[in-house]
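Before any comments, here is the structure.
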Amino acid sequence: MNQLCKVCGEPAAGFHFGAFTCEGCKSFFGRTYNNIAAIAGCKHNGDCVINKKNRTACKACRLRKCLLVGMSKSGSRYGRRSNWFKIHCLLQEQQTTSGLGGGSSVGSGSGGGVSSASLEQLARLQQASNQARQTYQDKTNPCIKSATATTSPRIEGAAVGTGIGGGASPSFLQAAKLHHQRQLKLDSRLSNTPSDSGASSAGDPNEDGVTSVLGGQIATPSSTNATSLPKLDLRHPNFPATSEPDADMQRQRHQELLEIFRSHSEPLYSSFAPFSHLPPVLLAAGVPQLPIFKDQFKAELLFPTTSSPELEEPIDLSFRSRADPASPMAHNSNSPSLSEPAAASHCLGESTNFVRKSTPLDLTLVRSQTLTG
């Protein structure tokens, strides 16, 4: 193929997006066609030269040249279609554009192949370039400045259109600009600060002056709808301050709201504080603290206590005679044991009652006499 790329001058690889381009320009246009807003504006006012060496230096100028040579989305292939079909679609689009123009000559040079879609893309690219340049130049608040720069021409056109006899005074245009700037500041302040009572009521003194200047010139939607009474400026120095009864009512209302909030915020009952309802005098008198109460409660759950004396008595494993069915633990705690024979004889001499000694259980291995037949 003897064709050259219409964008950078490199040997063309084929007919892509409605023009003979190389592979690099084809892929660049396919990536950036639907993402124009992400491209930064040209820092040299759109005077960059696009050729084979420096075609990657400025994306904005490269995309602008792609649109100028006739590249568009309608020229892209849907599936695997032949170059003949794409050239046929491009010719039909050019004929439709020339027919809508009423036979008028479309520009000279390469401008004859530019479609309406390309012109629309050029307009979008120019707008994005202006926004990016304004954002690049401004370092303090780029969002508000760029929005002001893009929307101020619309306000000027609207102001000129609403003027009497097609002519608008400079004071009216200046007032419209000031009003728009004030609205932008208010919107940014409301979006950046939380919605609190009285947070958005405070303003700058220059905004008060703008309000007084615009009072008789610009009719806001709220003023057009409400026709009963004029809107009073409460921040004016001649306006009387808030009266004392109103301040007392506001303070009382504030206290009531605080009490309601506290009553709803406190828990009704807490399982971790069983003695919270007791007065501090009883707590200081010896009521167990929370950790002690928890340990005691766990011990009672694991080892329940009963008042039955039969369960409190330990199990006796010793041998006892049939004549003494009582347990040795039922006697006095000072009863003699087998390990102290002297004390046992002394106790038997003093007492008139005979105490039978219990024989302990013998667990030794002793051969007993077995009855053999």
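Note that Cβ sites are derived from N, Cα and C of the backbone, with glycine treated the same way.
Swiss-Prot assigns the feature zinc finger to residues 42-66, out of the candidate ranges 42-66, 67-91, 142-166, 292-316. Between the listed ranges 92-112, 323-343, Swiss-Prot ties the annotation region 'Disordered' to 323-343. On the 0 to 100 pLDDT scale, the model's mean across the zinc finger (5-25) is 85.
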